[in-house]
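A.B. asks: Would you mind keeping the following structure in view while I ask a few things?
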């Protein structure tokens, strides 16, 4: 994204003749494919996560013994699908056609781009629904596992815990990608813009990827208690304190231990002294 916008920024600020803004489409494509491919792969990420959770739910008896083959296969599937979709959009495109703004959507690719956006919408809705369905299914299965082994019960609990942690991520993903995808798909399918400025303007307005990149770490920090504890420990460790209060954790434990030991010995001595006095007076 930075590469594509940087390329346009340089072109729009160094030209001396407006005709210099018109460049062949084949020069623009690399500057848009590079940022668009990771974005498309990010949109497909809920699909791969749903497949992984479905497999863990189906193979809950032996899932903990599984290897990394499934994860590697899903990554290959995710990027292969992304490359195939981008290739389908750019099929029989006019590589020598003049353009002023570097975008995947052009006069020849508008409909295919809109259909790709529609496919992303379907994937987004199905993935979001599947996560809630898997959560309910695992909760119901947990109530039915009476004579199951500890391994099976652990895997069901792990499925529920993992899905609960992933649902806020999927919700953030859906909120940041689904509305722009719907708007952009309807815009490209129902209308054929004649003004070349309308497509890039609408494309930039419906690009909420920066919002997603900023909100996802906040959601992860909010949902994962371990991240908050680690950050608090780092801030506490690096904070500046007075010299007389700086003691190591081991020294503090030793002081507490010897204080408690001293108190116990003192109590024992006082009890022994009281018993002796009682014997002497009797």
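Glycine too: its Cβ is placed from the backbone N, Cα and C atoms.
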A.B. asks: Any idea which of 23-45, 92-114, 115-137 is down as transmembrane segment in TrEMBL?
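C.D. replies: Checked against TrEMBL: transmembrane segment maps to 115-137.
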A.B. asks: When you scan the chain for residues with a C-beta under 8 Å from the transmembrane segment (205-222), skipping those not six or more beyond its ends, what do you find?
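C.D. replies: Apart from its flanks, the transmembrane segment (205-222) reaches 1, 39, 42, 168-169, 172-173, 176-177, 179-180, 183-184, 228, 231.
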